[in-house]
Amino acid sequence: MLIDRYRRFVSIHDANGVLLWDEYVTMPEGGRAVRSQQRATLETLAQKQITDSEIEELLDTVDEDQLTDAEAANVREIRREYEQATGVPTSIKEDLSELTSEAHPAWNEAKNTDDFSVFAPYLRKIVEKKRDYAIAVDPDTDPYETLVGEFVPQLDFDTVERTILGVKNELLPLLEEIHRSDVSLNTNAVHGDYDEKEQFAAGRDLLDLIGFDWDRGRLDTFDQPGTFGFPSDARVCTWTDRSLYQTLYTTAHEAGHGLYAQGLPEEKYGTPLGQDRGTLVHESQAALWENRVFAHRTFWDTFLPTLKERFPDIDAPAQEAYESVNYVRERNPVWVEADELTGQIHVLLRFEIERDLINGNINVEEVPAVWNEKTEEYFGVRPDTVAKGCLQDIHWVQGNIGYFPTYTLGNALAAQFTAALERELGDIGDLIRDDEIDRILEWTQEHIHRHGRRYTTPTLIRRVTGESLSADDFIDYTTRKYSKLYDL
C-alpha cells in the first residue's frame, strides 16, 4: 500500500530528527562522530523508502477519479515528495547530512575564537552541495529560487520577493521616523538577568498560559533555540543564558512551532494529512504567538503578575513592561536581540547574502566583509566579532540555505491570519483580557493545524484569509502599533 510505504519513510525521518535533537540537547561531546554516522545511515534508509520504485508503481496505479478529496491530497503530496527525492542523487543528501553534522563544532570554534577561517571550509562545501542539490531538483530554475521553494512549497518566487521587498520599502521609512521620534520608552522593565532556573520556570509559566500540552511536549535549553516534533512529541528548545526578555520572547516564538506540531491530527500521523504544511506556515504560527499574543499590550496585564511572583524586583506597570518588549532596538547587529521591525531587516540582509552566495556573485571568503558592510548600511553599526556578524545564526550550519525569507513571509502571513481571526472572534486583545487565549489556539487548530497538507500553501492561505500572501496586513499592523508607541 502506498500509505504504508510512506508511513515507514516518515517514521525513519522523524527518528532521525529525534537523534538530531538529542545531539544538540543531551548527547555527550564524545558521541559526535558516531552520531554523524547514525544520522547519515537513517537518512539513507529514509531516502530508500521514498525513492523506491514501488512508490512510483503504486502512484501509477492510482485511479484519481475514485479518490476522496483527502485521499487525493495524500497522493498529490506523496507524488510531489517522491519526485523531489528521486530528482536528487542520494549521494548529495548523504554528503549534506554528514557535512552539516561535522560543521557544527567548527562553527562553535570559529565563533569562540573569532576566526571565520575555521568554519569557512565547511561553509564552502555546504554552499557547493546545496547548489548541486538545487540544480538536481530543477536545472532550469535559479538555484536560490529552488532552495527557497523547498521551504515555501507551491509558492512562486515572485510572491516571495514581492512580499519581502514590500516589507523593506515600508519599514525602512518607518524606522527612520522612529529614529527621529523624541518619545522615550522604558527599555529595561523585563530585561534583567536572573537565575537561569527561574527564567526557565518563567518560560514554563508562559507555555502554561498559552495552552501547551505537557503530555505531548517538553521544554529544554540549547544555545540555538529551535523546535522539533510531531503531534505526540513536540520538543521546544529555548535559552536561559540571556536576559529574561530574550528567554520569554524566544520561548513564545518556539512555542508557536510546538503548538502547531501538537495541533496536527495525531490519528493521521505518518501521512501527508498528519504533517505540517511547511516552513512558511510554521513560521506564521511562531510569529502569531510571539508578536501578536506575547507582545500584545493586553498580554502584559495578564502575564505580568505571574512574572512578578517569580521576580519580585520587577516593579514596572504593565504599560512599561509592554514598552520594554516592543521598543525598537536601533544600531544592533545581533538578530536575536532585534524587535519585530528591525528583525525583518536582518532577514533582508541574510536573504541578499545567501542568494549571492548560491548564485556565485560572492565567494565564502568575502562573507564577513559583505556582511559587515550591509550591517553598517542597514543598522549604522559594524559587528565587532564574527559571532555578532556572519556566524550568529545556525541555519547555514544545518544546510538550511533559503530558510531566512520564511521569517518575514511568516510575519506577513501571521498578520493575515490574525486579521481573519479577528473578523471572526473579535479583537485579539479582548480575547486575552477576557482569559480566552484558548479560543485563539482553538481557532488556529480548526482553520490551519488540523488540515495538515490537505491543501497547497496558496490554497490554505486563501481559504483562511480570503486572499493570497501579501505584506499589506503586516505593514498596516506595524504602522499602527509603532506610530502609537512613538507618537508618530
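In case you wondered, yes, glycine gets a Cβ from its N, Cα and C as well.
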Of E266, E267, E283, which does TrEMBL put in the Zn(2+) site with H253, H257?
E283
Which residues, sitting 6 or more apart from H253 (Zn(2+) binding site) on the same chain, put a CB under 8 Å from its CB?
P225, A286, A287, W289, E290
How many other Cβ atoms sit within 10 Å of the Cβ of E254 (active site, proton donor/acceptor)?
25
All-chain count of other Cβ atoms within 10 Å of H257 (Zn(2+) binding site):
23
Listed in sequence order, residues not in H253, H257, E283 with Cβ within 8 Å of the centre of the Zn(2+) site Cβ atoms:
T227, E254, G256, H282, Q285, A286, A287, W289, E290, G410
Secondary structure at H257 (Zn(2+) binding site), reduced by DSSP to three states:
helix
